[in-house]
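What follows is a set of notes on a single structure, which appears directly below.
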Amino acid sequence: MFKGTTILSVRRGNHVVMGGDGQVSIGNTVAKSNARKVRLMSDGKVLAGFAGSTADAFTLFERFEGKLSKHGGNLTRAAVEMAKDWRTDRVLRRLEAMLAVADEHCSLLISGNGDVLEPEEGVIAIGSGGPYALSAARALLRHTSLNPRQIVESSLEVAAEICVFTNNNLTIEELGGE
């Protein structure tokens, strides 16, 4: 079973940044240190990141991109339709992963339970290092004037220092901003 990762998305207004570490672990062994778990979709208008089984994540990325195309890039509609399929489809139901998605207007967490959640304070964190990254990001968002990219970088570094399934080989993508 592949496990462990940290994906973090931080938003200030229309500036949204999503980052993830590069570690893929099989059991207690690092199988890969430079995986890309965050990517741009929908002609560079949507950010997406995954936590969970690598094979499952690629299936979900492909399905979600199809939903975005079908619904004209409407993130919320695509996310709701994806969650419906994920929950009801016999094959998809077995996939073990979570998706964080965002465009310039909205950030959402999509789970296999059919959940589509808009985060509090514009921060989404998933994966084994998620709680550490979430704590750091919320503190930096509340008490500093750092931009979302700086917050994502700093928070993922904190998660990598604490979570053994998270490394500091980061992939960071952003939309909007200066």
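Using the three backbone atoms N, Cα and C, a Cβ is placed for every residue, glycine included.
Listed in Swiss-Prot:
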type	residues	note
ACT_SITE	Thr5	active site
BINDING	Ala160, Cys163, Thr166	Na(+) binding site
Taking the Cα atoms as reference points, how far is Ala160 (Na(+) binding site) from the residue listed as 'active site' in Å?
9
What are the sequence-distant neighbours of the residue listed as 'active site', meaning same chain, six or more residues apart, C-beta distance under 8 angstroms?
Gly20, Asp21, Gln23, Val24, Lys37, Phe50, Ala51, Gly52, Ile126, Gly127, Ser128, Gly129, Phe165, Thr166
Note the Cβ centroid of Ala160, Cys163, Thr166, the recorded Na(+) site, then list each other residue of that chain whose Cβ lies within 8 Å of it, in sequence.
Thr6, Asp21, Gln23, Ser128, Gly129, Tyr132, Leu156, Ala159, Glu161, Ile162, Val164, Phe165, Asn167, Asn168
Counting across all protein chains shown, how many other Cβ atoms sit within 10 Å of the Cβ of Ala160 (Na(+) binding site)?
21
Let me make sure I understand the structure: which of the binding-site residues listed (Cys163, Thr166) has the fewest other Cβ atoms within 10 A of its Cβ?
Cys163
Where Cys163 (Na(+) binding site) sits in the secondary structure, as DSSP reduces it to three classes:
coil
